[in-house]
Each structure stands twice: as structure tokens, then as C-alpha cells.
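These notes are about the structure you will find just below.
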Amino acid sequence: MTAIPRVEVVTDSLAPLPSADWRRVVQLGYVAVVVGFGMFVAWAATARLDGAAVASGVVAVESNRKTIQHLEGGIVREILVRDGDIVSKGQVLLRLDPTRVDAQGETYRNQLAALLAQETRLLAERDGATALSFPVEVEQRSTQVAVAAVIFDQRRLFETRRDVLQRNLNLAESQIEQIRKESEQNTSDMATARATLENVNKELGPLRQLLQRKLVSVSRVMPLEREKLRLEGVIANGTLQTQKLKERLVEAELKRNQVLADYRQEVSTQLLDVRKLLSDVRQQLIVAEDAQRRFELKAPIAGAVQQMRIFTVGGVIRPGDPVLDIVPANDILVIQAKLSPLDVDRVSPGLMAEIRFPSFRYFGTDVVRGTLRSVSRDRLLEDNTNRDPYFAAEVTVDRASLPAEFGSRLTAGIPADVIIPTEGRTLMVYLLDPLFERFNKSLRER
């Protein structure tokens, strides 16, 4: 049989006691822990940690991208740029077929010349001119068949109307002259009758006295009496005729003046209508010439071409349709950031900001700086939903702080992170704030 080993039990009374040196080490350890903890608390209560509001956003430009459109549209004749091309301000991007707008412009110019020729003829008729002198705009286009025909017609019409007016005036003048001659003859006849009557009266006076004395016969006196009555009738009729001739003369003069007045009234009415048409044609010509100038689409700003929508020569651009976009070059760069509602109370316009671009692998020590330019007055929502509310912030980029390798690659649309330094706080406050906040929300009766 195997022998069972004997186990000796040592009682507590027989265990060795720690030495005094060992107790001293433990005490020193306690002291070190307390001192270290105290130093940590003191450091946490005094050391300040920098605060910051962090927001994500994208790069934009101050003036935003420009969408190139054409008001009237047309047929593409020539495409001079492609996506990614760098263009300067005023550079031709695309040309349209000018046939239609050129034809419209030529039509309006011919209409303008024709109306100017008509206006010249009417002004000459109004002012009583004897010849036409057309303005420079008409003379310059006199080689055009349509304009030359208008000039010829206006000259012939001017001469015809002038001759008709002159004949009517001559007729009126001849009538007036005839009446004046009749008036003169009537006046002469009356003067003769008065003189004869005076002689008859002189001869008749003594004869009447002799007749009363019966010294002469009645047959001697009666012929003179009849002559006297006849002459008095002639004078009375002449007086009446004089009044009638005066009325006829006034009527003839009025008729002559009316011929001239009707002529001038007709000219004035036509002149008013022509000038109204001239105003309309001039406005239409301005529109046509503007369309002619815009058959070339030019870059309004310097920048890069993006999102070309027209690729086919001979294709049709509808009125108002976008053709391409231009992203401005060397414009002020702006970060359009989304700021958390929890950070908005700690930032204000004018604060400096640090900007980082996640898409660039950049390990340099230089910091891209910017300035917070504005913060929206109210929160915004993504896609008009109640999710992800934010405050819109704009940060302008300091180009002087951009690394050289960023210059040509930093364009609109690149993502960016914005760090806006805010007021710092101690580590103690940082650690205890959640506890105090939780404590403030607890112990509340429902």
C-alpha cells in the first residue's frame, strides 16, 4: 500500500510579519498616487483645450458657374470649344448660322430706307419744297433694287402731287381773279351811272320848273325821268352786285385756302402714320441687329468649360436652352459649409477658419486659412425633410495660404472640411459637462 504523505498545517500565529521597510514602500506608493491624482486634477482644472466647430462643405466660387444660353436659338454652324477647355472673357465658344437673322436684318433695313424716303417726300410737301433731298441712310442703300424703286416712286409721286396741288391752286386763283375783275367792272359801271345820274338831275331840275309853268311839253321831261329811274336802278343793282361779288370773293379765297389746308392735313396725317411705322421698324431693327451680334456665343467670363450639351454641327438649339457652363477662373473661392445647430451659438462672422480638403493627399505643415463670412439666420433642411438640419455657412478661402500644388486642381465642387476655432475650456469642464447636463435633466418629476 502507498503511504499517504503527511501535511503540516501552519497557523497564522506562526506566519512571518512584514518588515518595516516593506510598509514604508506601500506608504510611499499611496502618497505617490495621491500626489499624482492631485496634480492631474490641478492640471485638468487649469489646462485649457482648444474648442472648434467642424463643418463639411464643398468648394464654390463667388460668382457661381455661368450657364450659356441663346435667346432665339438657331442652327449650329461651328463648335469651337470642348469640355475642360480654358477660355478667356469674350472668346467665341460657338457660332450659329446667321442666314435667318441676316435676312431679317436686311428686310428691316430696306423697310427703314423706304419709310425714310416716304418721310422725306412728306416733309418736302409740308414745307413746300421744290425738290427732294434724301437722307444718308436712304442714299447709302440706293443701289438696292427695292430701295431704288422706292426712291423713284417717291420722286414721281412728289412731282405728281405737287402738280395736282398747283393746278387746284391755279384754278382757285383764276376764280378769285375773275371775281375781282367783275367787281372792278361793276364799280366802274356804278361810277358811270352815278355821274350820268348827276347830269340828268342837273338837266331835269330846270325842266321840271319850266314844266310847272307850262313852258315846256311833258314829252321833253319824260325821257329824262325815265333815264333817271334807269340810272338809279343801275346804281341799286350795282350796289347789290358789289355785295354778292364780295361774298363770292371770300368764298373763292376760302376755297383756295381749303385746298391748301386739306393738302397739308393729308400730308400731316400720312407723316404721323409713317413716323409711327418708322418707330416700330427701328425697334424691330434693333432686335434684329442684336440677334445678328449674338449669332456668336461668347464667354462672359474667363474660366473652364463644363457640361457641353451641343456636340453636332447642324444641330438645332431651341430658344433659351442651356448650351454649356463656364466655371469662373481666379475668382474668390468660397466654402459652402453645413454647420451643426449645436455649434451655431459658438461662431460668428469674421472668425478665422482652417480648411482641409479630404480629396487631396497633402501632408504639409502649411494650413489653408479662411474667414467665416456669413451664417444663415435659420436652420435649413436636407431636401425639405426634417432630417439632418443645418445652418448654411460661407467661408472665404485665403488664396495666399493655398499650397502651390493646389492652385490648378482646386475647383468648384471639391469637398472640404472647415474647422472654426471657438472659445477653449479646461479638461475638467470638458469631463464634467456631460455629468452636469445629465444631472440637470434628472430628478425631474414626471
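The backbone N, Cα and C atoms fix where each Cβ goes, and this holds for glycine too.
According to TrEMBL, the protein carries these features:
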COILED    162-189  coiled coil
DOMAIN    102-290  domain 'AprE-like long alpha-helical hairpin'
DOMAIN    333-423  domain 'AprE-like beta-barrel'
TRANSMEM  28-46  transmembrane segment
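Within the model, the coiled coil (162-189) carries an average pLDDT of 86. Note: the domain 'AprE-like beta-barrel' (333-423) comprises 12 helix, 38 strand, 41 coil (DSSP; helix = H, G, I, strand = E, B).
Sequence-distant neighbours of the coiled coil (162-189) (same chain, 6+ residues past either end, Cβ-Cβ under 8 Å): 125, 130, 234, 238, 241-242, 245-246, 248-249, 252-253, 255-256, 259-260, 263.
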